[in-house]
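These notes are about the structure you will find just below.
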Amino acid sequence: MAHTLAQKILQRHTDEAITDAGQIVRCRVSMVLANDITAPLAIKSFRAMGAKRVFDKDRVALVMDHFTPQKDIEAAQQVKLTREFAREMGVTHYYEGGDCGVEHALLPELGLVGPGDVVVGADSHTCTYGGLGAFATGLGSTDVAGAMALGETWFKVPPTIRATFTGTLPAYVGAKDLILTLIGAIGVDGALYRALEFDGAAIEALDVEGRMTMANMAIEAGGKAGLFAADAKTLTYCTTAGRTGDTAFSADAGAVYERELSFDVTGMTPVVACPHLPDNVKPVSEVKDVTVQQVVIGSCTNGRIGDLREAAAVLRGRKVSRDVRCIVLPATPGIWRQALREGLIETFMEAGCIVGPATCGPCLGGHMGILADGERAIATTNRNFKGRMGSLESEVYLSGPATAAASAVTGVITDPSTL
């Protein structure tokens, strides 16, 4: 049968013939990951099931990124427990401290995930790796414990929604605007347990970082995975990351889709997701006189070098409003060093930004940028649920890097084209 991207990848990892969506299959996994919040739960389940060793010490990644640098005693205990487990099991890919970054930026940078892989992680934004052509999805810690022990897990083959983006991207409109537009169109449950498959001329024009931004937020529409065909750009990215043997592939002609959507990007303008859901999407031009006290540029969604370049281009020669805290968090040490070499860090500092280490920090209301009652933030992160970044009486707007940077300058949510 003709396969969608999701079906094609899963077929490579199972001995069962995939013939239809809804089928239950057992698949071998390429990589299993967890972080400082979810790993301790997975480790507890791993031990409870009597497992003695991980299935492959080179295909488990434990990344201490959420509450690190450790913000309090409890966070330090979580990291200590995970560190000791990693050492006991001989896990190759344990990251903490100076070599650690936000997991969904770090693993692609290190070449640990790539096209055709099946990746499971105890983190909902594991779907990020779909930008590289991997079937990647978040699981609960118990299922991740099983995958760590067995090297396999089961899936219900998801139906696929194909989203086609045509046209040429205007200035200041990027991948974040595309995925927010899609989520705004279908809702936060519009792709519930569906694979989202992205294609079209505008998708082909995106770099791999932009594709990972879009795949990252597939879960915000309820998606099981967000998938891009692996093309020449993908292979170049993976080769640069040190991978070998990857091949290009796309969905089969004649593959059956549950639903097909089409968007012409040519006339698009920057958008924001307004409180308190990622589907409450409006053009920035329609969001009038909304003041912000905090701007966050970073996260597994938009903390890569291209995002920092975009933000720096807006901030260069300008100053952050005195009423705003602008927090910039490059997503990995490698990205931090590249930003330093390019002069981006100096640009941020000259503008009056706070430049911090690679951490999830404020995205989940963990630390390094918490909102007080009545405060409002615009962020390049992926969720804006009530209380997500601090107080239940605070608000979070989601945007791309250019819009966030422009808003830092003016102190109100601002279309960067108007500066």
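Backbone N, Cα and C define each Cβ position, glycine as well.
What you see is a predicted model, and the numbers here were worked out from it, not measured in a lab.
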Of Cys238, Cys274, Cys300, residue recorded by Swiss-Prot at the [4Fe-4S] cluster site of Cys360, Cys363: Cys300
What is the number of other Cβ atoms found within 10 Å of the Cβ of Cys360 ([4Fe-4S] cluster binding site)? 29
For [4Fe-4S] cluster, what surrounds Cys300, Cys360, Cys363 with a Cβ no more than 8 Å from their Cβ centroid? Asp65, His66, Val102, His104, His125, Gly298, Ser299, Thr301, Gly303, Thr359, Gly361, Leu364, Thr381, Asn382
In chain order, residues whose C-beta lies under 8 angstroms from the C-beta of Cys363 ([4Fe-4S] cluster binding site), counting only those at least six residues away in the same chain, are Val296, Gly298, Ser299, Cys300, Ala379, Thr381, Asn382, Arg383, Arg388, Met389
